[in-house]
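Participant: Following this message is one structure expressed as structure tokens.
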């Protein structure tokens, strides 16, 4: 894709910058992808998930173990997600062929025997942090032991709430759009009405981390989690692979420190559509009831939802761009994209510059000064408007 623009009448010799954008990759990222919360799949029924260019079925066996198979029956193409769980197998609604969690056909009630080649694709799963993950690898390799989803300390104890969880289906955009946010400090000010004060990135191996300290903007009440200008929010957000981020947050307000853990994750539906999921748990404060703590987690998740809706509005209307024109304060976009590329190439084609440790801290001096001036000007205009005579 190339967007041409007319040459300006300027006297300088600078050439017009053209936007370059190749087609979105047709393969899906290698790595762990979260499909949702365990509790949403543990009702004894089959569940349909559109992902990785096909349809999957999630079902629990008699021991409660969740299994994920390709949803289309290898017999005549029936949709297993519309079938019935029978014992440890999922039965196709078309002809009652039954498939266990390993993808093997276990029974055909009307047939004398099961064809020995009757096997479908079973996806490698992981149950952790109250969530279900599947491993995707176009080469068919199993997940390496050192590439996994970490256990979240404290989850499942009485000290923390349970997940408040939400999802959005994003059409017309590739997953890379959301991953770019890892390095995009300025968009937090203009899109999410946060005021970043400190911003740093560290990439290494299969992880990419964003460190940010921010406050709210005095001139904007957005309904997000950044509204209080007197509360500092400290965030350490790490992608573990291409699609699953854990964000550890601390917020100081009214003499108390509130600890929140935010999950930001997604899985691809196609190469230009994905499902974005996010959830929050909050550490319970002394003297705060479980109901109030759960309400805090829900409020935080709702604020995150509004923030992502702001992002989606941008994604729906922006052009994809492979050669972004950057300033010094824009962050290491190209380095992040090199890191991200490792998940879209064969393992043997991963290069050192995709995985070696990289650190970059943005000098926020100029940005903070400019934003403080903008906020002050906006507050002055608001004051003039409130005192104006009708």
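Glycine is treated like the rest: Cβ placed from N, Cα and C.
Checked Swiss-Prot, it gives:
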DOMAIN    32-134  domain 'Rieske'
BINDING   73, 75, 92, 95  [2Fe-2S] cluster binding site
BINDING   181, 187, 192, 311  Fe cation binding site
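Could you give the neighbours, burial and distances for every feature on this list?
Facilitator: Note on the domain 'Rieske' (32-134): DSSP counts are 6 helix, 48 strand, 49 coil.
Applying an 8 A CB threshold to same-chain residues 6+ apart, the list for residue 95 ([2Fe-2S] cluster binding site) reads 73, 75, 76, 78, 108, 110.
If you take the C-beta of residue 311 (Fe cation binding site) and look for same-chain residues 6 or more apart in sequence within under 8 angstroms, you find 177, 178, 181, 191.
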Participant: Using C-alpha atoms only, work out the spacing between residue 192 (Fe cation binding site) and residue 92 ([2Fe-2S] cluster binding site) and round it to an integer in Å.
Facilitator: 46
Participant: Measuring Cα to Cα, tell me the gap between residue 187 (Fe cation binding site) and residue 92 ([2Fe-2S] cluster binding site) in whole angstrom.
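Facilitator: Just about 48 Å between their Cα atoms.
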Participant: I want the residues beyond 181, 187, 192, 311 whose C-beta is within 8 angstroms of the mean position of the Fe cation site's C-beta atoms, in chain order.
Facilitator: 184, 188, 191, 307, 310, 314
Participant: If I restrict to non-local contacts, at least six residues apart, and a C-beta distance under 8 angstroms, what lies near residue 92 ([2Fe-2S] cluster binding site) in its own chain?
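Facilitator: Listed in sequence order: 73, 75, 78, 79, 80, 83, 98, 99.
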Participant: With an 8 Å cut-off on Cβ distance to the 73, 75, 92, 95 Cβ center, who else from the chain surrounds the [2Fe-2S] cluster site?
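Facilitator: After dropping the recorded site residues, what remains is 74, 76, 77, 78, 80, 94, 96, 97.
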